[in-house]
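Enquirer: Sharing a structure, written as structure tokens. Questions coming.
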């Protein structure tokens, strides 16, 4: 609501006289004001406590610059600004009109040529933004104002230059979840194609009155965004095809704004604006200059027309009352279905971290960065008595409080006017992985005689772990783009290997321990000389994140699986690609060599395990998993069995016959990691339920449950002697557990 000025509010900012409040946020205030000539303006002011922070001033200046670069034809034009003032402020033109969200929610969806005109106007706006070298990154219904002359795009608080490499922590994801692109949700590079994906989502909302990817949980929304597109019977065929094109998972396959404009201009003049059922709502917005009241109303809405859709206070008509089904070219008589308000339009700040599949959706995201925690997460497990208190690293946060905190976008909707402002603040520690001094044993300690697990901690998420063949070294991969190598006996960090430019997802030692392989979100596989702590080779060929790697038993080959849907074999001696293993239709999560080195197995989100001949690269067999996702894989030491993890179960296969042998049940969430003990008697599994479970393979029953991690477990590895087990978790720890074999 519009409120009177409060005691302590400034009477004037720059040359603008403030007349009322439009909204307050955690870091700023938005006022209604008048220019010296009496024109209505909206003034955004940063609170003094944040104005004293140089980082805030820089970010605010960037927002001003972004809005100015685009200009006023497609946006709320910046009239004036002073980012160096005390406090910093920006004045923008007042645009009479409701937000798209308000209009559709209160009056119903758009249809036919009205929808096409909206689409063309939005594409023009995005084209102008992209032509200035910017990406909006928060394109959604509440950031679109329906003015009398067409739609306007507002809020450049999260817009970012295409060539910008500063101002946001690497891997940070910004935006509103239900309108994000797949690359936004997992922290990938975001370009103009990301806005095009969001455009498709906005048009689907405008045509149906509901967010197409909305679901009951945040995890489900993520899964829907990266899954098959929903059906849209409400859209005419041409617009449905356009929206589906915008929703291509591969950003390179989405149409450009120029291509979209060319399609929308065919057989359409653009004269259908404003939509008839919205004309009174758009026309009712009175210019502020029309009143001299000290607290003028921005909008006066007349009673709804008798022929229009029902108002929200009226009962919704029963769909059964209509004899005819509503067509794609005429409005539905029902108002949009209500969406869960806490998920639909609440912007979030996402700190890039390894992603975990949601517990319930049919198609989880890869075990990758960018997982959003549920709105009501499980209570954190208490720290065991031997573990000292530690500061948790930043996680995905859904910021939905009325008083915004650092990183929240505040959108103020008052009588049809939407004014949005954004100020970001967050820091991510760059502290390297380090042994926890309170639990690390002395150099003389025997790691096999520990009563409690030893803990190596990090201020970033730990996502990969591997023992060297002799068991003296432990390697770990994390979100800091580094590989860390520790001495197992002392807990001292021996090496930090630098070279990857993104998350290190997987690590594996060669059979002789001389080399270490690593796979990363930078789409490369790298080989390292362990003794010299130097990079030996870089294998390039994948076009997306490398999710898993494995050394062949003789050390001559490295296998890799990627989000690009392929597995690849690399020749270690020559540094060349030996084979590209094609057949999966979705991400390849896991790869594993058979102990004799003749086969390599790959597991995919397509629900299959494929067995490949290493020498020829030909497919030998396909195992259809009972669950839809194969997230992790391992061969038994004798090669007779293959195990994979999926939803909340662990599945055991007979390799020779391809028959399923047993399903281990006990986990309550996705199983990201599996490993056999060196003697094959035990099977370890790590899960999003924050536990590691050991299973007796012969007895086909649970042996032990290891508890202590407070976040999902991404990787497990047995010590070569089988008496300890290492685990890596999103909680920032790598734990080395003693294993009782009796």
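Keep in mind that glycine also has a Cβ here, set from the backbone N, Cα and C atoms.
Sharing the feature lines straight out of Swiss-Prot:
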type: DOMAIN; residues: 16-266; note: domain 'Protein kinase'
type: BINDING; residues: 22, 23, 24, 25, 26, 27, 28, 29, 30, 44; note: ATP binding site
type: REGION; residues: 266-394; note: region 'Disordered'
type: REPEAT; residues: 497-538; note: repeat 'WD 2'
type: REPEAT; residues: 581-621; note: repeat 'WD 4'
type: REPEAT; residues: 664-705; note: repeat 'WD 6'
type: REPEAT; residues: 706-742; note: repeat 'WD 7'
Enquirer: With DSSP helix as H/G/I and strand as E/B, how many residues of the repeat 'WD 7' (706-742) fall in helix, strand and coil?
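Expert: Helix, strand, coil within the repeat 'WD 7' (706-742): 0 helix, 20 strand, 17 coil.
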Enquirer: Who are the chain neighbours of the repeat 'WD 4' (581-621) in space, where the CB to CB distance is under 8 Å and they lie at least 6 residues beyond its ends?
Expert: 363-364, 366-367, 547-554, 557, 559-563, 565-569, 627-639, 642, 644, 653, 655, 658
Enquirer: Where else in the chain does the repeat 'WD 2' (497-538) make close Cβ contacts, counting only residues six or more beyond its ends and a cut-off under 8 Å?
Expert: 171, 352, 354, 368-369, 463-470, 473, 475-479, 481-485, 544-551, 553-555, 558, 560, 562, 564, 570, 572, 575, 715
Enquirer: Provide the three-state secondary structure of residue 28 (ATP binding site) computed with DSSP.
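Expert: Strand, per DSSP.
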Enquirer: Per DSSP, what is the residue count of the repeat 'WD 6' (664-705) in each of helix, strand and coil?
Expert: 0 helix, 25 strand, 17 coil
